[in-house]
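**Student:** I'd like to ask some things about the structure below.
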Amino acid sequence: MDNNPPPNPSPWLRLFRRNPNATTTRLRRRQATVSFFTRRLSQIIVALLAVGYFWLLILPSPRLGRGTYIDENALQPGQVNTYWNWGDVHAADVYLEQLELLRDSNATSHQRAQFLMNEFAKLGLSPATQKYSFQSSSNHGSINGANAYAILASPRGPRNEAMVISASWLSRIGEGDGTLNLRGVSTVLALARFLKNYSLWAKDIVFVIGDGYLDGMHAWLNAYHGVKQSNLEAEPLELTSGVIWTALNIDYPGHSFSHLGLFFEGLNGRLPNQDLMNSVQHIARYTGQVPVTVYDHLEWRDPSAQPSELTFLPSPLCHHPEIKEFAYRAKNILRHIGYQARGRASGVHGLYHQFRIDAVTVFAVPAIGPHGFHALGRIVESSLRTMNNLLERLHASFFFFILTTPDQFMKIGSYLPSAILISVAMMFRGLRCWVDAGWRPDHPHSKKGDHSPRIPVWSRRSRPVLHVFAMMLMTHLCGVVLFLIVRSSFFLYRQKLLTPLIVLAVSLVPFVVPKIYYPFHQGVAPAWLLLKALNLCFASTVISTITVLNFSLAALLAVALGLPLLLAQPSKSTPLSWFKYILYTLLASGWLFLFQEVRDAIWQWEILSVWFAPFFCLVYTPLVIQAGIVCILPHS
Amino acid sequence: MSSKPLAEIKLSAASCAIIISRVACAFLGLSGVLKHDQLLSTSLSSYSQLKEGVFLFRNGLDPYSGGNFRHSPLLLALFSVILPESRTSASLIWTSFDLTGAWALISIWKARQNVGATSKDALINASYLLNPYVFLPTLALSSSTLQNTLTLLSIKFAAEGRASPSLFLLSILLHVDLSTILLLLPILLLLITDPHSHLASPHPLTANLRRTIPLFGKYILYTSILAIASTIITGGVQWIPQTWGATLTLPDLKPNPGMWWYFFTEIFDHFRPFFLMVFSVHLLIYVVPICIKFQYDPLYATFLLLGVLGTFKAYPTLSDPGLFLSTLAVFPEVFSYLRHPIVTALLHLHAALLMPLFNHLWLNTGTGNANFFYASTLVFACANGAALIDAIWAGMRIAIGREVQNYVVVQE
């Protein structure tokens, strides 16, 4: 800090001796940078939040997407002649009649599986059935059923790789509420009859008719991969084939179809490789001549689409093509988030992903025409030929995307920053609180007549981190208890009665937890500030980590936790603190009143190991409770 | 009068609770799940490979000829005598290693503070036994747990001034893991000085450096005796390239949380020897500067070198950085001088969540690739580096004392 000019050294020496003021200059520069940053930190946080939320809002914008393409050159979709013809359509119709007879005679699962097995056997394939039963606390008992499957041995391969064509007995329409997928099943049977005649298969083809909606296929896949699940009793499979690489699930609930819908979300937010979807889409469009949609949402340009839902907008806006396009994409993205954030599979294909099998459901969107078995058969045949071309598993990190329209998608770089920016804002705020917690301003008493601005003297205060950690740990343990209660059958039987009690219990947690000893005095940081700092830092870490695993869940958390946690703060007036506390309690446990949603989430956890329910109880709820605690802790 | 014993009872109850919970963890049977986790055991410390080696050894086959077994012959001999028959008993043996390690850490603390039982004992206990980086490798039955225990015991004896056991344990440690040779110099210094904290009052080394020569001789003697014993056990010297050689030539490129594997999977073969040399020598260059700078407090120098090992060694598991972080608890005087503890802690939190996640994305779900996991190990390396730099900073900064308003301490 010596400012005296040094005696003029020779230029040679100057090369080796540093300028004695260099340290001071560097120090000043650093201080200026730090103070520039810290003085504007609030603005930076607001800017980050604004950009993050705005980015989330403009995700549907056509400007952020790009056209789909096929990355894997081996696939060569749509490059073959298809041989599926009207004779095969007739076979499918005959199968359909027999299935309808079965349906009308109220055949049991076992009778159905037996019938299917016989049909497969008549075709000369090796067929088998598999019985299974699930025990679940949320479903008041067990689910039983029987699957039927058959294997077409590859005529020209070593039989260590396989692809699957499957259909579930129940259609995905209404998520398995009872609509039958008879035409899907008869397509599979007719395909088995047809595909057997060709010798060009390099992989085994496995035909599976799963009973129920998700349960049958889940039992079959678990048995195929030798996975034991404590609440599932499934017969071991008599026949097995090689490693399954790809699978197509056929869902054809209507009489005819106008569009082919693609469903792709798997369990726990997993997505299939985009190449498979793009190939099927390409084949449907150019080989099958069938328009493709995402889910069953028809594009707004489509003449058969529903009239615009944007009636709340003034009419010039409502008919603006850009706005219509935005609304269409927003609808797709919201549906995607609905499946992915909750870890739900949007169809039977979703069960495959956990075993590293890329699978999609081709869904025949019910309509009065013009397409039927003829188009569907050709599409599946050509898709199988494409899958048959694969020399190695689909890879190339083509797993992170949001499909906005059938032929446009968003790359990871165009959607990931939105959630990350919000989590960075939370992190900055948390670090700010941490720094604030470490310093105490002392305002020196000014003398009479002294009007100079009073500069506070800063003094350090201690930050008892362990005590706050104990508080946070307590809330997370409460989350564990909450989860154990919610998943118990005792609770699920009396859900409507017990839910208010549990919400009440959750609301009491913020009063119990601060009873953990905390040294409140002058030289110690206020508990709320420290708790808020660590709470924000932890929440931010969770959000940014989840983004790569399940972006939709991260986005949901960024929306649900971002502003609420940032705004948590005790206020000087008691009623306001109480009001905030009630809001946070509702945010933390209000979801318990979504009775059906809770039951579904527990069912998904018990049967399909979807970790959304435990995650919500163990991470989300405690984080919001901590914000509630922040609000009712003493202000200083 | 009555409150103090009560507080002590409370604390020893806390220690007991921690120990009981750790023993209970051993009965959970998690080893089957965690055994193959790449973060928790490497090919040099994996339990399955140890078992395989012991099996071959018992059946009269040379385990080192297969190129798969890389544990020291000493461990081979030890576990062919006491190889646990069931997983639970193995977990219990491994937990007892950890408990010994925690006991050694408390002894180091007592030696440093020059006191008997203190109120902080339970905290030190918790810092070792409840550190997830330390107890997860134990549950996975990784032999790095044994390494940690040997390290702590060796430092403990050195801190208590008992040269022979300390040097003997250090030479066993050298046989288990070659890179622990880094610890030799600070432990020799520790043996000729005292373990008390002199961080606040630096002074040149007063002890006579010549006194390290007989100690060094002792170390060489123990090491050669153990080397001869190893040769007798295996009936040849083929163990040397398989154990010590593996640390230097990196034959097994299975992913681990360290920095070496990805670099050497990517590098062209003709650069390999050169970079192997660079990476190995890079570890060594820290020893002398740290020992010179902290000549007045060799225990702190030992601690810093544990950090260097945890960050840069060839086949690390989570327990190596875990040892460094747990040992920090012995130096409470530097806590208030740490510059960015929250940033380091958050980096560690991110790395601890990202590493298993990206490992899973790459190897289980197949949606990611090796670069994902490598990126997360880089975050981990940053976290370890930040902790190390901060510890060095705080160790030196404490000598200058509290900051006076309007004055700043800078590093030239």
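Note: Cβ is positioned from N, Cα and C throughout, glycine not excepted.
Per TrEMBL, the feature transmembrane segment maps to B:12-34, B:92-111, B:123-146, B:166-192, B:219-240, B:260-287, B:299-315, B:345-362, B:374-393.
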**Student:** Count the CB pairs under 8 A between the transmembrane segment (B:219-240) and each of B:123-146, B:166-192, B:260-287, B:299-315, then give me the winner.
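**Tutor:** Maximum Cβ contact count belongs to B:166-192.
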**Student:** Between the transmembrane segment (B:299-315) and the transmembrane segment (B:166-192), are there three or more CB pairs that fall under 8 A, provided the residues in each pair are separated by 6 or more in sequence?
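**Tutor:** Counting Cβ pairs under 8 Å (6 or more apart in sequence), the transmembrane segment (B:166-192) reaches the transmembrane segment (B:299-315), since there are 3 or more.
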**Student:** Determine which recorded stretch among B:12-34, B:92-111, B:123-146, B:299-315, B:374-393 has the most C-beta pairs below 8 angstroms with the transmembrane segment (B:260-287).
**Tutor:** B:299-315
**Student:** When you scan the chain for residues with a C-beta under 8 Å from the transmembrane segment (B:123-146), skipping those not six or more beyond its ends, what do you find?
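**Tutor:** Tertiary neighbours of the transmembrane segment (B:123-146) are 14-15, 18-19, 22, 25-26, 28, 30-31, 34-35, 37, 39-42, 44-47, 50, 71, 75, 90-91, 94-95, 97-99, 101-102, 105-106, 109, 176, 316-323, 325-326, 328-330, 352.
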